[in-house]
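Pulled from TrEMBL:
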- ASN307, GLU336, ASP338, GLU385: Ca(2+) 3 binding site (BINDING)
- LYS434, LYS436, SER511, ARG538: substrate binding site (BINDING)
- ILE641, ASP643, ASN667: Ca(2+) 4 binding site (BINDING)
- 466-475: compositional bias 'Basic and acidic residues' (COMPBIAS)
- 17-125: domain 'PH' (DOMAIN)
- 135-170: domain 'EF-hand' (DOMAIN)
- 171-206: domain 'EF-hand' (DOMAIN)
- 482-598: domain 'PI-PLC Y-box' (DOMAIN)
- 598-727: domain 'C2' (DOMAIN)
Amino acid sequence: MASLLCNARIQLTDTLEQMQQGTLMRKVKSKSWKKQRYFKLQEDCMTIWYQSKRTGKTESAFSISDVETVREGHQSEVLQSVAEEFPPERCFTIVFYGRRGNLDLVAGSAEEAQCWIQGLRQLIEVATTMDQKEKIDQWIRDWFQKADKNKDGRMNFKEVQRLLKMMNVDMNEDHALRLFQDADKSESGTLEGEEFVLFYKALTQREEVLSLFQEFSEDGKKLTLLELVDFLREEQLEDEGTEELAMELIDKYEPSETARARHVLSADGFLMYLCSLEGSIFNPQHRVLWQDMSQPLCHYFISSSHNTYLIEDQIRGHSSIEGYIRALKRGCRCLEVDCWDGPNGEPMVYHGHTFTSKIPFREVVSTLGKYAFKTSDYPVILSLENHCSMEQQEVLAQQLKDILGEQLLTTTIDGHVPIQLPSPEELKHKILLKGKKIGRLEDTLDGPGDEAPDVSDDDNGAEAEEERRRAKKDKETLAQALSDCVIYCKNVPFRGFQEARSHSRPSEISSLSEAKARKLIRDEGNEFVRHNAWQLTRIYPSGMRTDSSNYSPQEMWNVGCQIVALNFQTAGMEMDLCDGLFSQNGHCGYVLKPPFMRDKETLFNPSDPSSWEGPGPITLTIQVISGQQLPKVANSKEGAIIDPLVRVEIYGVPADQAHQETKYIENNGFNPRWDETLQFQLHVPELALIRFVVEDYDKTSRNDFVGQFTLAFANIKPGYRHIHLLSKDGTSIPPSSLFVHIRITEPPGPEQD
């Protein structure tokens, strides 16, 4: 059984053996909550469970694949709060993917802490570098662990029946018994080791993939290199270097060595390819950095967070450094800090006039310095809500300069006044402060490019007078040192597009509430698009959203708003759209806007079809074929099996917004078959996002969420594709997927003479 239990790539070191024996450590939740728990690595080397020392009952378990990283020492607010009690060499933090809270631990000795830190890092490395075959083997081991109730390393029919329920399978007993007996080669009445693997493979047999394979295979047993090339060209619409691609796929996914040597692909290899990244709906060439990064900042959508310091709601929520770390790790490039006077001359960050907890500004800045460029090299904009006194504003400026050093941008990139905003490429590894500024940028610089638009002498005099008046007023409330840190993102009030065009500058930015933005979209859609072609606009949620709910970012992106700030701490459709748009381009947090949104004279208006260019709508046809191993619904009754349906939602310009759904399949979350075709017309595909949602149908109340996946239309690969579903939190839930066929039909071009 050992062969099934432990991943072949894991070398059982002394460290791992020590972890398997178990260790008593303190789990710390706060200064006053520090309880002893017994932590133990399971035999599969991929699961850790811990139990209460007092009651002895298993409290919780987690899988290594849920862990993103391990931090050593006092690297969380919780462990910093107990720093005087426990030395850093005994402390470490386990950080999970998604919105799950950290696990802060204190070991009995520095050696024990090192054992767990190094051991966990070794296992995380294995978990993140598994290939497709190793992942399948791991899922099999996971299921075996869960179902082997008495831990004797073998599984009787009763345990198998319970496993089927856990896997969302509603199978009649005769059929289940037949599969069980077929796999029980030793006829011992139990399944062990390889027998269980056989059972799992029989269970996960994919008829729909097999019949597709046989359509292209002459002998029904293998695809020759040429047959695979035909499939890739005809169905997957791979038109460049198809033979090289076919060779690569065989090398990568064919499990049999002899088949690989003969350059053929078996049905197993074919399924592995379809389930891999190359067989996914997301174009792999767009996952990496693929866009031009040398255009002005205002030509990009920028991943932006609101109240970044909160990890709950904004009335009583907990302010935390983790909010910044999580946002930056997700590729967020615009963060918000609300600064208020704090004790002992130290400015604090929190949501003013509410009961949220507080963090020193200094800590936010050092976290920013440390994590700003781990996920992306491109600039971070720090949006400063400054409520501090003059004295503490001086402290803000000093801390920004001292802690960030070279990272903080304190002058224009060439020392001249800009005629347009610099590009993400030119601002790599720089942190830009967005805030109020005394006077104009040119007052502190000299240079050829005068930013001021041409105005008549009369206007000039009046405007200069107004500028002087404003600067004088700002000087009374704004510290010069802080003002000097603001270069390309000077906050200015929005006084209409006309006013902006005649008096504003590219290095100025206005913030609008969602309601104000909606009114402008409705009344002056085209003007809004033009404005965003040369200046940045930030949109923020209404103050009424005390529960930190979000608005749909799509309508703001439709007019080219770049900094559409969302509450990253709140899961839901709005954050799915945000994650969907920014999952491309190397996750760098910048996505280039379509050409018709980068032109100051554009005629485009998202609400006016007559302003759209192009030959007409394209047709997106989605055949929803099947689902694989869908997860259970959270908090569902023991033994309940889902009735899944798939809904496809289109987000884009108003004329493209649409959704359609399949019928639901009763009692089958394991391998439901829908075989239904949904069709959509897209007039402005460049702005469209497609969201696939799986729900558990409920005729008496709202359907429950099962999983989703969202991507920009521009990143879709046509053909037979798997969609790897994500949880509510945006984390992956392998092996849950949908199998679909995608066809994109362009409108007929103009008639040729």
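Each residue, glycine too, has its Cβ placed from N, Cα and C.
Automated prediction, rather than curation, is the source of TrEMBL annotations.
Note: the CA-CA distance between ILE641 (Ca(2+) 4 binding site) and ASN307 (Ca(2+) 3 binding site) rounds to 39 Å. Beyond the compositional bias 'Basic and acidic residues' (466-475), the same-chain residues lying 6 or more positions past its ends with a Cβ under 8 Å from any Cβ of the stretch are 436-440, 443, 483. For the pair LYS436 (substrate binding site) and ASN667 (Ca(2+) 4 binding site), the Cα-Cα distance reads 58 Å. GLU385 (Ca(2+) 3 binding site) sits 13 Å from ARG538 (substrate binding site), taking the CA atoms of both as reference points.
Between ASP338 (Ca(2+) 3 binding site) and SER511 (substrate binding site), the C-alpha separation comes to 15 Å.
Sorting the compositional bias 'Basic and acidic residues' (466-475) by DSSP state (H, G, I as helix; E, B as strand; all else coil) yields 10 helix, 0 strand, 0 coil.
The local packing around ARG538 (substrate binding site), expressed as other Cβ atoms within 10 Å of its Cβ over all shown chains, amounts to 25. Those same-chain residues not listed among ILE641, ASP643, ASN667 yet with C-beta within 8 angstroms of the centroid of the Ca(2+) 4 site C-beta atoms are ASN168, ASP170, ALA640, ILE642, PRO644, ILE665, GLU666, ASN668, GLY669. One way to see the shell of the substrate site is to take the Cβ centroid of LYS434, LYS436, SER511, ARG538; the remaining same-chain residues with a Cβ within 8 Å of it are SER383, LEU384, GLY435, CYS489, ASN491, ILE509, SER510. The binding-site residues examined here are ASN307, ASN667; by Cβ neighbour count within 10 Å, the least packed of them is ASN667.
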